[in-house]
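> Got a structure here, written out as structure tokens. Questions coming.
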């Protein structure tokens, strides 16, 4: 493990092999990479299997949009773990000797493109899902008439194409991806930034990622507030209470996981771009922030798909057997899964208007 020297030969792969120091334990790093890749593949594969089973049961148009978005998200996370994880393990297995196995810088460019694409695409999909849920709650009629399967597929294609464009933008601008200080991954130039173009790529990545998080936070907040208002205005609807409670838990989990996992890495990259590569963050801190971002792809399927009635009911039974204590929440409160409950939001959110325009007693929602 050499490579703490001053300047290497002017080969493309030696672009960032300068006098930077990054003390990382090779065995521990390999262990982390293998664990992250394995857990990510297993969790996303399980989520895909659940989605396929759910798609066989629910084929209504309003449910199809959720299933398409969720399927695209977990498939993207799965391929991200497969491709990025496989490259990372190969780099560790080759003792991080980039000059020996990547003199033409092709593997580093592919690694960098995959890092950017599989980093931004899940964030974009998460924000689009938040927008879709917000429209479904606040504008149910518009959602039911305009959010067709064709439109959803067009939105998914647009998100993927935009993420690919951002990923290949440095290549189009004749700026190669470079090996980072730890020599375990490739990304934009983050050290010894030469001009505004190097700063632009880093700031663009950070800005788009933070913007996606902000859109998700805003839309989820609007959705949560709307659901709470509907709950308080419709106390007579017992079925609506379970839906509100379940959805609010999901929204809080989505916002917390995304913000906690991605914010450190995005803020670190933004600081690097603003300071022109003279960031005070050490290599170890950057790697820690990168691993936290990786955990978001591991937790995505559990937040978006598995946090539903089946899992919560089993957890309740286990807790009741182990602790022997009755919780406040009754099993009857979790009446429907998160996918099935999404269909009830439109009717619930429209019930106050119905009560004002009609003197007849309100009919049960979802019947």
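Just so you know, the numbers here start at 1 and follow the chain as drawn.
In case you wondered, yes, glycine gets a Cβ from its N, Cα and C as well.
Just so you know, TrEMBL annotations never went through curation; they're auto-generated.
Note that the coordinates shown come from a computational prediction; the quantities given were computed from them, not determined experimentally.
Feature annotation from TrEMBL assigns transmembrane segment to 30-52, 64-92, 104-131, 152-172, 200-228, 248-267. Taken from TrEMBL, the feature domain 'G-protein coupled receptors family 1 profile' covers 43-304.
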> With Cβ-Cβ distances below 8 Å as the criterion, list the same-chain residues six or more beyond the ends of the transmembrane segment (104-131) that contact it, or say none.
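Non-local partners: 11-13, 15, 66, 69-70, 72-73, 76-77, 79-80, 83-84, 87, 98, 155-156, 159-160, 162-164, 166-168, 170-171, 176-179, 185-188, 205, 208-209, 211-213, 215-216, 219-220, 223, 254, 258, 262, 293, 296-297, 300, 304.
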> Other than its close neighbours in sequence, what residues sit by the transmembrane segment (30-52), given a CB gap under 8 Å and a spacing of at least six beyond its ends?
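For the transmembrane segment (30-52), the far contacts come to 67, 70-71, 74-75, 77-78, 80-82, 85-86, 88-89, 92-93, 291, 294-295, 297-302, 304-306.
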> Tell me, roughly as an integer, the mean pLDDT over the domain 'G-protein coupled receptors family 1 profile' (43-304).
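Mean pLDDT for the domain 'G-protein coupled receptors family 1 profile' (43-304): 83.
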